[in-house]
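Database features, via Swiss-Prot:
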DOMAIN    53-234  domain 'BPL/LPL catalytic'
BINDING   ARG93, GLY94, GLY95, GLN96, ILE97, THR98, TYR99, HIS100, ALA165, LEU166, GLY167, GLY178, LEU179, SER180  substrate binding site
SITE      LYS162  site 'Lowers pKa of active site Cys'
ACT_SITE  CYS196  active site, acyl-thioester intermediate
Amino acid sequence: MPSAPDAPAAPDAAASVAPNPPAALPVTVRWLGETPYDACFDAMRAFTDARTPDTDDEIWVVEHPPVYTLGQAGNPAHLLVADSGVPLVKVDRGGQITYHGPGQIVAYLLVDLRRRKLMVRTLVTRIEEAVIETLAAYNLASARKAGAPGIYVESGPHRGAKIAALGLKIRNGCSYHGLSVNVKMDLRPFLAINPCGYAGLETIDMASLGATADWHEVAQTLVRRLIAHLDGATAAAALPQQALEQSND
């Protein structure tokens with residue numbers, strides 16, 4: 001009669017313990033209120049140029065007075081009404097022309113990609129996911145569109161309308177610029193441009209789709225989702241409440 005097989009060895013206790021996830025990297029959230037675009041543009045370039053390997057990443061949340069911005073490869077012909085009264089600022093982000101104004105959340109992501117071991121495409125994907133999840137929190141279905149950066153309404157009579165824009169600049173391995181989400185705003189200035197270079201592209205806001213949340217609530221949701229996609233859900237859940245409170249730093 002063959003002998004019984006040896007019992008399998010008990011696993012090493014140390015080997016059976018899942019490794020701890022890497023510690024979340026600090027992210028400072030700054031609530032800048034309503035700030036002129038030029039001031040933010042100059043400040044984020046200065047911040048990026050001055051940062052060191054030890055500088056914490058930051059997210060700046062802001063609302064701009066009316067302004068058009070044209071990306072570094074942008075075509076000025078996409079501004080259809082030259083005398084609209086809204087200033088045009090040429091900037092160094094990717095993308096074409098877009099509009100910023102009251103009722104829109106703008107979030108600038110000042111992130112050290114090398115320290116986080118992120119490729120640019122990965123960062124863009126995580127930002128897009130954060131926006132999609134933010135909109136879903138208000139029962140708005142949205143999605144990416146191949147070859148057209150930003151987030152678009154996924155269903156209903158406004159299917160295909162753009163509700164969020166995205167454009168980054170990478171300098172010395174660090175990002176600046178970021179994204180915008182239309183909450184409740186005057187959409188007429190978008191009619192004077194080809195948004196992001198697409199003639200006839202409809203632009204929509206959350207209020208027009210039936211969402212009643214205010215700017216501050218949506219901004220807080222967005223910040224949590226951005227941090228969750230940078231550092232994980234645990235880091236987002238642990239974000240202190242004061243980090244989500246409005247202040248002018």
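Each Cβ is built from the backbone N, Cα and C atoms, and glycine gets one as well.
Note on the domain 'BPL/LPL catalytic' (53-234): its mean pLDDT in the predicted model is 93.
Its own atom aside, the Cβ of ALA165 (substrate binding site) has 25 Cβ atoms within 10 angstroms in the protein chains shown. Fewest Cβ neighbours within 10 Å among the recorded positions ARG93, LYS162: that distinction goes to ARG93. Residues ARG93, GLY94, GLY95, GLN96, ILE97, THR98, TYR99, HIS100, ALA165, LEU166, GLY167, GLY178, LEU179, SER180 are listed as the substrate binders, and the farthest two of them sit 16 Å apart at their Cα atoms. Residue pair LEU179 (substrate binding site) / LYS162 (site 'Lowers pKa of active site Cys') shows a Cα separation of 13 Å. Under DSSP, GLY95 (substrate binding site) is assigned to coil, being neither helix nor strand in the three-state scheme. Here the C-alpha separation of ALA165 (substrate binding site) and CYS196 (active site, acyl-thioester intermediate) works out to 8 Å. Between GLY95 (substrate binding site) and the residue listed as 'active site, acyl-thioester intermediate', the C-alpha separation comes to 6 Å. Of all Cβ atoms in the protein chains displayed, 21 besides its own lie within 10 Å of the Cβ of GLY95 (substrate binding site). Of the recorded residues, LYS162 (site 'Lowers pKa of active site Cys') and ILE97 (substrate binding site) place their C-alpha atoms 13 Å from one another. Each of the recorded positions LEU179, CYS196 was scored by other CB atoms within 10 A of its CB, and the lowest score goes to CYS196. Neighbour list (ILE97 (substrate binding site), Cβ cut-off 8 Å, at least 6 residues apart, same chain): TYR68, THR69, LEU70, GLY71, GLY74, ASN75, HIS78, LEU79, ILE193, ASN194, PRO195, CYS196, GLY197.
Under a cutoff of 8 A between CB atoms, and with a sequence separation of 6+ in the same chain, the neighbours of GLY167 (substrate binding site) are GLY71, ARG93, GLY94, GLY95, THR98, PRO149, HIS177, GLY178, LEU179. In sequence order, PRO66, VAL67, TYR68, VAL86, PRO189, PHE190, ILE193, PRO195, THR203 make up the list of same-chain residues 6 or more apart from TYR99 (substrate binding site) whose Cβ falls under 8 Å from its Cβ.
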